[in-house]
Amino acid sequence: MNTITEAPTSASVDPVFLQKSTSSSSAPSPTSGNFSSAPTIVNQPPPSPTAAHLPRSMTEGSPLLLRHEGGLQAWLVVLGSFLIHSFVFAPTEYIFGIFEHHYLTIFPDSSPSSIAFVGSVGSAVTYLAGFLAGIVADKFGFRLTAMTGSVIMTVALIAASFSTEVWHLYLTQGVLFGIGASLAYYPAIAAPSHYFSRKRGLATGIAVSGVGAGGLILAPLTNSLIGHFDVYWTLRILAFICIFLCGGASLLISESKEHYASKESIEDDVDEKPENSINSDKSFFEALKVFKDPQFLSLSVAELAASIGFLIPLYYMQTYAVFIGLSTEKGALILGLTSGASLTGRVILGLISDYVPNSYALLFCSWATALAIVVLWTIARSFGMLLLSGLLFGFFGGGYLSLVPVAVADSFGTMQMASTIGLMYAAGGLGMLAGAPLAGFLLDITKPNISYLPVTLTAGGTLVLGAVGVTSWFMFNRRARRARKAAAALRADSS
């Protein structure tokens, strides 16, 4: 049987390596028939008594060590994730402003805030439902979960096309679409990490860049469809696009077979398992035990705080441009270039994190994103300064979004990644639900002498709090790595 020791690793490589014993040839792994060329992969041995009080992330590394890095199937998974990302946030965030304008015409008795709440509910439910969607994905499989989500999103858009009251939109384009988007999103965000270790940052960055690409394509397409048909038929056409695009992409989403080979090896080759060893059939209440881990708590607090301020620049930077005397065209240009910078940052910073420890890259991005708002946006009084603020916010904010899933994989492994990141992002859903309305309230109370200072300070301040949370995670992560290295050295000495 193969035995395991643990070696010091970089942030982007799973901290597991194999050391063969003399008995390995006489005790083949039960999975060796399917993976004869792959080394047996097992979980770490039980932690030493001195480390028994530590959380799982300090006593276990990621249980996944890939025989092959990438490959055709792996990149097809990234493609599927990219395509799902390109649609799931569009009807509630990136193209909702187009619908909002026309909904105000269809429902003239409704206020702009009541219409805007449709998109806010849909976006918030996408994240809030993550605490269940992730567990469902880990329990029943990524492909089935993502396909189910695609069907629900399609039904939601078709149902929205028959709405006769605003509250119908709350239930359809809001709640129902959000549930479907959540079921499709969490398998999509988790799947690339199953196939990549050394290039995990690049793969995840390419996958999440689909959000920006989808917004760039679907916004003009939706506007054109409404011009040629109407809002209701546009929703039906988008429903067809959803089942074709997301449903087809769901067929590309899957867990790694080697990932499950490693799980079988854990069950077959380890006689004495740690109390907190990873179980493929983790229940809902067992999944909640991750809240005891300081790394998870610090990242969750960071998500909650940063999500409050993250959407405020996207919602209010264009109106701020007009407030300081710029034209609406220049304001729209700044917002468009900010989205483009976000798309670029997701890929480039994801790639950089494969060569620079991901923990350092995420820490830098969190503070750069915060300072771009709390300092540059607050003092911006010209086109150039506001553009610089938007570009830096978009670039490093996009990198921040692509690096958080990598941090989750590095800290907690990949075998229950969908449920772990789903629980974490649920906190972000609360922040997104509150951020934009809070900024609107702060802007209203400054009337008649309107001031954007409370808005910029709120956005920047919450992003700073998010950066503080990431800093806490960074410190706990370093402590965890040191604990794992010490445990590995102790096991090596005892052997």
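The backbone N, Cα and C atoms fix where each Cβ goes, and this holds for glycine too.
What TrEMBL says about this protein:
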type     : residues : note
COMPBIAS : 21-37    : compositional bias 'Low complexity'
DOMAIN   : 78-478   : domain 'Major facilitator superfamily (MFS) profile'
REGION   : 15-55    : region 'Disordered'
TRANSMEM : 74-95    : transmembrane segment
TRANSMEM : 115-137  : transmembrane segment
TRANSMEM : 144-163  : transmembrane segment
TRANSMEM : 169-189  : transmembrane segment
TRANSMEM : 201-221  : transmembrane segment
TRANSMEM : 233-253  : transmembrane segment
TRANSMEM : 296-316  : transmembrane segment
TRANSMEM : 331-349  : transmembrane segment
TRANSMEM : 361-380  : transmembrane segment
TRANSMEM : 386-409  : transmembrane segment
TRANSMEM : 421-443  : transmembrane segment
TRANSMEM : 455-476  : transmembrane segment
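When each of the listed stretches 115-137, 296-316, 331-349, 386-409, 455-476 is scored by C-beta pairs under 8 angstroms to the transmembrane segment (201-221), 331-349 comes out highest. If you count C-beta pairs under 8 angstroms between the transmembrane segment (455-476) and each of 115-137, 233-253, 296-316, 386-409, 421-443, the highest count goes to 296-316. When the stretches 115-137, 169-189, 296-316, 421-443 are ranked by Cβ pairs under 8 Å to the transmembrane segment (144-163), first place goes to 169-189. The listed stretches are 115-137, 331-349, 421-443; of these, 331-349 has the most Cβ pairs under 8 Å to the transmembrane segment (386-409). Looking at the domain 'Major facilitator superfamily (MFS) profile' (78-478) alone, the prediction's average pLDDT is 82. As a quick check, the transmembrane segment (421-443) and the transmembrane segment (296-316) clear the bar of 3 or more Cβ pairs under 8 A, pairs 6 or more apart, so the two touch. Highest Cβ pair count under 8 Å relative to the transmembrane segment (169-189), across stretches 74-95, 115-137, 233-253, 296-316, 361-380: 115-137. The stretch from 74-95, 233-253, 296-316 with the most CB pairs below 8 A to the transmembrane segment (361-380) is 296-316.
Tertiary proximity for the transmembrane segment (233-253) is limited to same-chain residues at least six positions away from its ends with a CB under 8 Å from its CB atoms, namely 76-77, 79-84, 86-88, 91, 142-143, 146-147, 149-151, 153-155, 157-158, 160-161, 173, 184, 187-188, 191, 222, 225-226.
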